[in-house]
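S.K.: Just passing along the structure, written as structure tokens.
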Amino acid sequence: MTDEPQRHAVIEVSDARVSFGAVKALDGVTMTIMPGECVGLVGHNGAGKSTIVNVINGGLTPHSGTIRCSGTVAPRYGIGTARANGVRCVFQELSLCPNLTVIENTRVMHRTLTGWGWRRRAAAIIKAKLDAIFPGHGIDVASPVSDLSIAERQMVEIATAFSQVAQPVRLVILDEPTSSLDASLATQLLAYVRTFVASGGSVIFISHILGEILSTSDRIVVMKDGRVVAERAAAEFDEHSLVAAMGSVVKGRDIAKTIKPTDGLQPLLTAPPRRGKGLPFQAFSGEIIGLAGLGGHGQTDALVDLYLSRTGSWLNGRAPQVTFVAGDRALNGVFPLWSILKNLSIAHLSGLSRRGGMLDDPGEAALGQAWKERIEIRTPDVDNPILSLSGGNQQKVLFARALATPAPAVLMDDPMRGVDIGTKQEVYAILRAEAEKGRTFIWYSTEMDEVCLCDRVYVFNNGAIVAELKGDDVTEKNILAASFMGAAA
Amino acid sequence: MRKILSSDTIRLLIPALSLTILLISVFYLQPRAMSYTGLNLLFNLSVPIALATIAQMLIMTVNDLDLSMGTFVSFIACVAATFLQATPVLGILILAAAVATYAAMGVLIHVRNLPSIVVTLGMSFVWGGLAVLILPAPGGQAPEWIRAVMISKPPFVPMAIIASITIAVVSHFLIMRSSFGVILRGVGGNARSVERAGWSIIRARAATYALAAVFAILAGISLVGLTTAADANIALRYTLLSIAGVILGGGEFTGGRVSPIGAVIGALTLTLAGSFLSFLRISPDWQIGAQGAILIVVLGLRLLLNRLERREKRA
């Protein structure tokens, strides 16, 4: 694409500084993206990855520093300039218009699609790109986005970013693109990223799955506290050195799991086989139960049914039986206008209210303070708005919300999506400690490492439970075998 | 398993069905309505209501609500019966200023992040006051040309039906098919992603409001064409009628989910419901309540269908 004699950088950000109040989100970041390279960007949540992405895509103007496009300084760099220079972005939270069809969403992203026959042209463009990236995707481009699953929406968004209408696509920023895709789709995407890079395009690739970063990137930039702390060729890193550079340590996994004898015990939660197929579901006190299988095979529905069958009654007592940790923070997790404290205490209001239905303010504040310290929510004050927190810390608040209730069972719908390794380790430890105390966790996760932490795993396929794995049988190999065996049957 | 009907078709099914049922009941009660003149009389007054409903629908497309629709249409009717008739140039200037005011309202609502309900409620007093200043007592006279258009008798199909179909088709192309309409609906669905794609939300909002004003102006002018004279309170009912029409036609208050064809059908249904109740000889004291009951039944049906659809999707 760039055949100039001296190869200019696609984007060159030098000494960018951004601060939100007292928080320095970017503290002098310099980053150069050359044509034809894939740059992996890793770091904790809150390290400044999203901020630098927003600077590059024009959504955020740095308070100081310069941005050069193809070697020339862009004085008023904004969304328009970024797009004109071929910068595209796939955001971490899904950002399509749910009321529009796939074709119409393509039109929103590409302003040159106008005039007679734009529908036909848009359909051809997006269809071709979907076919190129995800062969056999099975998405009807005329259907509204609200009818698509999360994985399909992510696929559409990625395809829209890569599709070329007027300006050539020179740099695509992928912010956690694989978090909603299952393994096979992620592989297709990563393969496409390599072909795109080989043809001269550039990619900034952000992921918490270090294996993907290592295998896909040419160069890896590690960020911490708003600064670039390491920048080397991908080949010079391995998983341990990357984690070490980010500044958190992977704790060794518990070696042996004890299989708790469950015979004769009264299960805490049960569910019959789903739609008359597969195995029934049982959960005992103090267990961490994983729901595994390929993404979108009925795990979330199973969780929601479990939850609704035990709540949602008008005659609920003060002691809830189950509580829920949502996976899609923006959709059904946080109350965006509320403070951190209100977001935390909402599930436990009945326990916090005094006689007469008035809220016990000191009690609520004490609860907030206790959880802030216990799970280390990084904020000076729990009365700050929830959106002032980074994504990982918001997720911690959602965990605290569930754990603050006296409910004996906690249902978790892939809650660690897009959370950094350090936060994950902290939450795993909290889960273990709570399970020791007798709480039950039912945990749907798309990440194999997390499923392998569970005591017992149910593998889902096509909406039904096809296998149950216990203790030391919970291994990546067994889970994969079970989820693919079911698919073949 | 592929769905046979798209969700948009199902959305349109209920309003179309309720209109058909009402129409059949009216014909059963009063077979003489089944004629050229009968149909024209039944649907005459639905033309301005349909236009106002489209205007309201545009505002609802960007997740806002216009509570000044009734007073604005009344104000336009007063302008049409006085200035537009006596001094057309001045009249057109006033109408242009009204469109600009609407666009400014859209900008204000967006820039200051104000609730549209508050702004439009405030503006409703402004429009109402201006209307009373122009016509303190009922009066004025409709311009000849609009009178001629509204009472014209095209062959075979009555004017009211032709006008309704034209409104539905034009607004469908404008909002559902054109690339401009996609942006408007995108703002209602997910303003952030539209902004990230490099669009100006302020401009989109201003355009939506201005377009809504144009439809509302057409509503006021066509209303005067039917009534020949105007009054400052002539269209106060239109605020709620237009909202009910949009909802009845399958639109939703938020999320940019609207249907122009449905909205026109909703407006027709609302007008027909009034005639239906008269044919049933229900006393006028009860008519408003009965009209409400019809609304509740239709909306209940839609909820039921939505639930079925969701169950089908989960199954």
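Numbering starts at 1 and runs along the chain as displayed.
Using the three backbone atoms N, Cα and C, a Cβ is placed for every residue, glycine included.
Pasting the feature list from TrEMBL:
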TRANSMEM  B:12-29  transmembrane segment
TRANSMEM  B:41-60  transmembrane segment
TRANSMEM  B:116-136  transmembrane segment
TRANSMEM  B:156-175  transmembrane segment
TRANSMEM  B:206-229  transmembrane segment
TRANSMEM  B:235-254  transmembrane segment
TRANSMEM  B:261-280  transmembrane segment
TRANSMEM  B:286-305  transmembrane segment
S.K.: May I ask you to check whether the transmembrane segment (B:286-305) and the transmembrane segment (B:235-254) make contact, with contact taken as at least three Cβ pairs under 8 Å and only pairs 6 or more apart in sequence counted?
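M.R.: Judged by the Cβ rule, the two regions touch, with the required three close pairs present.
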S.K.: If contact means at least 3 Cβ pairs within less than 8 Å, sequence distance 6 or more, would you call the transmembrane segment (B:261-280) and the transmembrane segment (B:12-29) in contact?
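M.R.: Counting Cβ pairs under 8 Å, at least 3, so yes.
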S.K.: Would you confirm whether the transmembrane segment (B:12-29) and the transmembrane segment (B:235-254) meet the contact rule of 3 or more C-beta pairs below 8 angstroms, pairs 6 or more apart in sequence?
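M.R.: The transmembrane segment (B:235-254) and the transmembrane segment (B:12-29): touching, yes.
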S.K.: Would you kindly check B:41-60, B:206-229, B:235-254 and say which stretch has the most C-beta pairs under 8 angstroms to the transmembrane segment (B:156-175)?
M.R.: B:41-60
